[in-house]
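Down below is the structure, laid out as structure tokens.
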Amino acid sequence: MKNSLFVTKRNGKKEKINLDKIHKVLNWAAKGLENISVSQVELRSRIQFYNNISTVNIHETIIKAAADLISENTPDYQYMAARLAIFHLRKKAYGQFEPPNLYYHVKKMVQLGKYDEKLLQNYSFEEYVEMNSFVDHRRDMNFSYAAVKQLEAKYLLQNRVTGQIYESAQFLYILISACLFSKYEKKVRMNYIQRFYNAISTFKISLPTPIMSGVRTPTRQFSSCVLIECADNLNSINATTSAIVKYVSQRAGIGINAGQIRALGSPIRNGEAFHTGCIPFYKHFQSAVKSCSQGGVRGGAATVFYPIWHLEIESLLVLKNNRGIEENRVRHLDYAVQINKLMYQRMLLGQKITLFSPSDVPKLYEFFFSDQKKFKEIYIKYEKNRNIRKKSINAIDLFCLIMRERASTGRIYIQHVDHCNSHSAFNSKLATIRQSNLCLEITLPTKPLNNIDDKNGEIALCTLSALNLGLINDLHDLKELSTLSVRALDEILEYQNYPVVCAKKSAISRRSLGIGVINFAYYLAKNKVRYSDGSAKNLTHKTFEAIQYYLLKASCELAKEKGSCSLFNQTNYYLGKFPIDTYKKDIDSICNEPLHLNWNLLRKKIKKYGLRNSTLSALMPSETSSQISNATNGIEPPRGFISIKSSKDGMLRQVVPEYKKLKSEYELLWEIPNNIGYLELVAIMQKFVDQSISANTNYDPKRFLNEKIPMKQLIYDLLVAYKLGIKTLYYQNTRDGAEDNQNLNKSIENIKEDNCTSGSCTI
């Protein structure tokens, strides 16, 4: 190519194109990487150059040229493209490649109103000098290309109208650390800041979107999950809607318990009017959820919960599907059906399920969650009462309808309310679990509010993070990571603001945390065990025992230091009951691995000092944060060795960790013959996890006769999940062949934005 083209520089000046300069930058970006051809990137770039092209466009062109070469055979292009993108980001943020001094950067951002002014008030110049020495900007070069694009799109502070970037990744990490430990004593806080910075900047701890995009800014709401319960009256419905708007606007995903709302045709004011039923109010909730785009970072999303025995269930189950008309569909919410043992027994015995309006059957709704024995007694009593409006339906027909809609939409979720209360962190008589959250991994107590300032209501909040299993060398590594995670998240509860008063009361008195994992598939591959054949069971048992043990130990140590949470007496831990005491004993038939840690000593310490946090663990989806950490998603098997995610910058490709070394050890999703191996691992995890797990079921029609998934298979898997004590089921994924039709490779995963990347219970 001739050197005759002119370029327009960032300052507006024109000069002749300097191909040698481009060549040097590409060589720098390729240094130390394998299977990289600088000349190929140059050739792909040059054919797109034109006269007076801006240097910004040149940079974006060479980034895309490198990114387009990412493949199974040449995975290192994801790092070359990332380095070029980091170079570009720093030029946009700072006007140069070298980042400025931390103190002067913070001072400038506070003056611009971008950073929280407390950053300057809480730390001295000398402390910023010390923090600046902790920062290792070379760690930017460890990001994959997909990670850099996610950082740019969702996490780095920017003007979302003009696109101006204000910071780079290492400043994001050090300032999150500084904000979270600002209230610690001066003599110890620098130590915690450095340790936490090192853990998050090397991807050992993964943080959720609200924390990554919000901590250090003047907007202080970082709880990922918000659970709101609605009572059966207009005041509560309106208060619920108001709370939804407040939290959706501040980056949170929503779980809505609407199960108490009475059924269509129910009398109002002793028959003066009849009720319009659930659907109009679900539409009201949908409008509230979609009213805000969560600060430009993500769109609002919510899951609505209702009991299987609700009189309107046949109409509610079809709200998500593509049939019907606008009046009888509410498609932009997801739904979860709440089920207990009695309903399964009715199905297995070929009996009927009786449907009621909750308003017609006093105490039934309450006992459905809090007392299974009393629920059964009064359910049968109400069935026999001829004066109560009801409808009987064959149990198998109702379960088939549930599973048909779950298969059709993928977004009808399941909550086993008896497991959620019998195997809970909470004493179900004092703090009943009546719903979950957007992504089905949070199980916290809620109470309806009758107005937005109702101090007697309870909105549950959960603050999330995850441990990167792929980066631990020994289970003892989890001790330090658990300590840092618990301490950092606990500080967030005091650091953040609360848009609704009853949410603050709940968050501060319960101090619930949900710490999960990412990179489980890589962890299994590294240890040469698999999802499907049972070989991962013992490793999973040992790993999740260690996670829960060290999380509880960290919370107990914090309670010794700062005091236990004020509602600790409402937990099972207060009674000396741990998840290892209340788990479904059917798990023992699939895994006989013993406990390895000193639980008796930990019990004694918790009895003496209590716990700082009511809950510690929850296993959430982690699509976005896994990309940042170049990890596999949560506990899920990858669909392909390369994942592809659509973005405004085109298709983002990311290769699974250590692909070349571990290709034969990874078990891809559609290679797994059925759900049983995966569900058994989830059940083993649930033995230790004190909240719940976003567990999915997956079906490849090609494995079945006539490529039709038999209903009996869907029901069987549901029964297995219940039998093994699994609390919740999230997505049902059906292989549609889309990823097979990609022109790239058969082992490519196509990731679509879903409610969990747009909702906030993910990390």
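The backbone N, Cα and C atoms fix where each Cβ goes, glycine too.
Swiss-Prot records a disulfide bond between CYS225 and CYS462, which is the match among CYS462, CYS502, CYS556, CYS565. The ATP site recorded in Swiss-Prot includes LYS9, GLU15, LYS16, ILE17, ASN18, LEU19, ASP20, LYS21, THR55, and the single candidate from LYS91, LYS107, LYS108 that the record places there is LYS91.
For the GDP site, Swiss-Prot gives ASN437, GLU441, GLU623, THR624, SER625; the one candidate out of THR209, THR217, THR219 that the record lists there too is THR209. Cα-Cα distance from THR55 (ATP binding site) to ARG262 (dTTP binding site): 63 Å (rounded to the nearest whole number). Taking only the Cα positions, the spacing between LYS9 (ATP binding site) and ASN233 (dTTP binding site) is 63 angstrom. For the pair formed by CYS462 (disulfide bond) and LEU234 (dTTP binding site), distance between Cα atoms is given as 27 Å, rounded to the nearest Å.
CYS225 (disulfide bond) falls within a strand segment according to DSSP. Summarising the environment of ASN18 (ATP binding site), the number of other Cβ atoms within 10 Å of its Cβ, over all protein chains shown, is 12. Fewest Cβ neighbours within 10 Å among the binding-site residues ASP20, ASP232: this applies to ASP20.
Shown are the binding-site residues THR55, ASN233; the one with the most C-beta atoms within 10 angstroms of its own C-beta is THR55. The Cβ of LYS9 (ATP binding site) has 11 other Cβ atoms within 10 Å, all protein chains considered.
Of all the binding-site residues listed (LYS16, ARG262), LYS16 has the fewest other CB atoms within 10 A of its CB.
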